[in-house]
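The next block holds one structure in the form of structure tokens; read it before the comments.
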Amino acid sequence: IKKQLPAELGECAYILFVVAIFWLTEALPLSVTALLPSLMFPMLGIMPSKKVASAYFKDFHLLLIGVICLATSIEKWNLHKRIALKMVMIVGVNPAWLTLGFMSSTAFLSMWLSNTSTAAMVMPIAEAVAQQIINAEAEVEATQMTYFNGSTNHGLEIDESVNGHETNERKEKTKPVPGCNNDTGKISSKVELEKNSGMGTKYRTKKGHMICKLMCLCIAYSSTIGGLTTITGTSTNLIFAEYFNTRYPDCRCLNFGSWFTFSFPAALIILLLSWIWLQWLFLGFNFKEMFKCGKTKTVQQKACAEVIKQEYQKLGPIRYQEIVTLVLFILMALLWFSRDPGFVPGWSALFSEYPGFATDSTVALLIGLLFFLIPAKRLTRTTPTGEIVAFDYSPLITWKEFQSFMPWDIAILVGGGFALADGCEESGLSNWIGNKLSPLGSLPVWLIILISSLMVTSLTEVASNPATITLLLPILSPLAEAIHVNPLYILIPSTLCTSFAFLLPVANPPNAIVFSYGHLKVIDMVKAGLGVNIVGVAVVMLGICTWIVPMFDLYTYPSWAPAMSNETMP
């Protein structure tokens, strides 16, 4: 046995190394690489094929299916546009408040939709507003140069091409984004502004260019920050929740409500500080001008207000399908929060005979099925006698629409991560790594958390977020057990920091989407993203040392976590 164990450890470590290299370099598609454990574990005798296959479909996938049903209906009936535009209209047209409005609405949508879809949906609206500001500045300049008053204010005209419609004068290059419909699933690439400006430059003034940069970055960063707040907000949260509940089934302390309670304050602080940082970096931060009441609106502000108002009016009055989707959306959130809130008994107590049977995925599936049952409209036909009769109905979403939105690549990627974690546990590699890392216990816990958070933040800039968290969870969990620290103490900040991929266009999809509009350079994202990264890590460290501690009693090693043996593995 002693001779066989090192061989199993080496073989499992080799598989882990190969998968890690393939994920980091993306030599193969991430989801294809995730299938390697199902091939290599049985061949090297680590796990039988049937056991590996069972790891590829978990409770996580059922939760994802229900969430995608909601996202499909929201995007199909344009409820996301109505929410985003309404929130921006509420905050006003001052550039600083306008930016905060876009960040708030984007973050809110990202809580329930994927970060990629949110950025792809909101960015065309922000681009339209930015173009109106530039057009308004051009109009003011032309008026001053010709000393002519009363000419048509082109700054208030909607540039249809910016909103996804083609014109004879200018066409945007677009490309589809997986998981988005035709209305919102096309994102603009480099926008040609020379013809609008009448000059050889893209932007009339430096301020106009700065506004475009600011709009792009606020959409990219807020779509990522908003995903931190809910378990379903981003794939990394879901991966962590499933891994944690599988490794520590006796804990039962991590659910939708508890996650929201500790992550929402952190996300809110990061969002506000990021807004201040971006505003100061690109436009300066004039508190006196921001809070000055009764100030006359400038031409640019009027242009912003006009384009937002007209875009909202295009949606028309709220429709029956939007109302039903909104009701189901609220119902799903309420059921998630009230299942097991912790401070009071939740509705799961009604099924006391089956404790732990109903999870967040149960709620997601229940609401998800309703989208296929509730009719969106009746289908009618005209009889030979001229009578109009109903013969069928169309549901809120169809299975074909759901399939087009379902991120199967993420589902396979997550399954591969679970299989990899099971293999590390089965072979004893997790315990071996934990024992080797046990000397780190001599360091202060806050320093260990800081090192792991910085390591995760750095790695996620060059690797995909799901791959990063999937790769590091089987390492960080044994580390926490080896140094006899509550696993949540290390895993929560590491999971949150996995989303802090703000530096490069290729770091995550929202960054790539806004970069494709052509307003930003890589150095712009590096300068802005470095500040947001520092803010994010600092806030997470603050949270893990203050309000998160009493929620999970982080200073005490819990009974639900196994006690690691300090014996050196042979």
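The backbone N, Cα and C atoms fix where each Cβ goes, and this holds for glycine too.
Those TrEMBL annotations? Automatic predictions, nothing curated.
Here is what TrEMBL records for this protein:
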- 13-36: transmembrane segment (TRANSMEM)
- 56-74: transmembrane segment (TRANSMEM)
- 214-240: transmembrane segment (TRANSMEM)
- 260-282: transmembrane segment (TRANSMEM)
- 318-337: transmembrane segment (TRANSMEM)
- 357-374: transmembrane segment (TRANSMEM)
- 445-476: transmembrane segment (TRANSMEM)
- 488-507: transmembrane segment (TRANSMEM)
- 528-549: transmembrane segment (TRANSMEM)
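Per-stretch counts of Cβ pairs under 8 Å to the transmembrane segment (357-374) identify 214-240 as the leading one among 214-240, 445-476, 528-549. Sequence-distant neighbours of the transmembrane segment (528-549) (same chain, 6+ residues past either end, Cβ-Cβ under 8 Å): 217, 221, 225, 262, 265-266, 269-270, 273-274, 277-278, 281, 446, 449-450, 453-454, 457, 489, 492-493, 496-497, 500, 502-504, 507, 555. Ranked by number of Cβ pairs under 8 Å to the transmembrane segment (214-240), the listed stretches 56-74, 318-337, 445-476 are led by 445-476. For the transmembrane segment (56-74), same-chain residues at least 6 beyond its ends with a Cβ under 8 Å from one of its own Cβ atoms are 38, 80, 112-114, 117, 179, 231-232, 238-239, 241-242, 245-246, 321, 325, 328-329, 332, 359-361, 363-369, 371-372, 396-397, 401-402, 405-407, 410-412, 414-416, 418-419.
Residues of the same chain lying 6 or more positions beyond the ends of the transmembrane segment (13-36) and with a Cβ under 8 Å from any Cβ of it are 44, 46, 408-410, 412-417, 419-420, 423-424, 429, 462-464, 466-467, 470-471, 474.
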